[in-house]
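Everything below concerns the one structure shown next.
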Amino acid sequence: MLRFLNRCSRGRGAWLLLAFTALALELTALYFQHVMLLKPCVLCIYQRSALWGVFAAGIVGAIAPSSLLRYPAIALWIYSSYEGIRLAWKHTDILLNPSPFTTCDFFVSFPSWLPLDKWLPAIFNATGDCSERQWSFLSMEMPQWLLGIFAAYLLIAVLVLIAQPFRSKRRDLFSR
């Protein structure tokens, strides 16, 4: 399995599949926001940012998958997945254990050098409350689904990182 993951990480298709899945989740979030009129909260916006990090990792990895550029892509993939898990866990905790002392911020706080909420307010502007239950599917809220998705991303990313030293075997049918 590790040799297979190594081979996949050296091909462009797997990286583009990673980027496609993250983009599909982003488009789903925008559908929920603009078509179903669900209001995203601050933690939802941060989780979207983590998904954009996974998307960026897929694009960086697809640029030159056979070179050493895949290592920064794997690092970005692991970091974004970990942050997504951390944020989804915090959001799930706020939803499942409501408390007046555990709340999220009122406004998104991006770095001053990257004010995404000012540049793209249709995507990164938070208008909802983190403790409000807006959507559920199969008795799970959206942050719980994202917790599972980010955990799957992280598991696969760690396995791909572990697989990097395992080269695929050369198959020489006519040698001894």
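Note: Cβ is positioned from N, Cα and C throughout, glycine not excepted.
Residue environment of Cys44 (disulfide bond) contains 27 other Cβ atoms, counted within 10 Å of its Cβ in all protein chains. Among the features that Swiss-Prot reports, disulfide bond is placed at Cys41-Cys44 (among others).
DSSP classifies Cys130 (disulfide bond) as coil under the three-state reduction. Marked as disulfide bond by Swiss-Prot: Cys104-Cys130 (among others).
Taken together, the residues in the topological domain 'Cytoplasmic' (1-14) have a mean pLDDT of 76 on the 0 to 100 scale. The annotation topological domain 'Cytoplasmic' is assigned in Swiss-Prot to 1-14 (among others).
A Cβ distance under 8 Å defines the sequence-distant neighbours of the topological domain 'Periplasmic' (32-49), meaning residues of its chain 6+ beyond its ends; these are 26, 83-84, 87-88, 90-91, 94, 104-108, 116-117, 122-130, 132, 134-135, 142-143, 146. Swiss-Prot lists 32-49 (among others) with the feature topological domain 'Periplasmic', giving sequence analysis as the kind of evidence.
Marked as topological domain 'Cytoplasmic' by Swiss-Prot on the basis of sequence analysis: 66-71 (among others).
Feature annotation from Swiss-Prot assigns topological domain 'Periplasmic' to 90-144 (among others); the stated evidence is sequence analysis.
What Swiss-Prot records for 164-176 (among others) is topological domain 'Cytoplasmic', and it gives sequence analysis as the kind of evidence.
Positions annotated as transmembrane segment by Swiss-Prot: 15-31 (among others).
As annotated by Swiss-Prot, transmembrane segment applies to 50-65 (among others), with the evidence given as sequence analysis.
Look at Swiss-Prot and you will find 72-89 (among others) tagged as transmembrane segment, backed by sequence analysis.
Here the transmembrane segment (145-163) has long-range neighbours at 1-6, 8-9, 25, 47, 50, 54, 74, 77-78, 80-82, 84-85, 88-89, 91-92, 137, meaning same-chain residues at least 6 beyond its ends whose C-beta is under 8 angstroms from one of its own. Annotation source Swiss-Prot lists transmembrane segment at 145-163 (among others).
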When you measure from the Cβ of Cys41 (disulfide bond), how many other Cβ atoms are you left with inside 10 Å?
24
Report, as a single number, how many Cβ atoms besides its own are within 10 Å of the Cβ of Cys104 (disulfide bond).
20
What's the CA to CA span in angstrom from Cys41 (disulfide bond) over to Cys130 (disulfide bond)?
5
I'd like the number of other C-beta atoms within 10 A of the C-beta of Cys130 (disulfide bond), please.
19
Six or more residues beyond either end and a Cβ under 8 Å away: which residues meet both conditions relative to the topological domain 'Cytoplasmic' (66-71)?
9-10, 15, 60, 164
Where Cys104 (disulfide bond) and Cys44 (disulfide bond) are concerned, what is their Cα separation in Å, rounded?
10
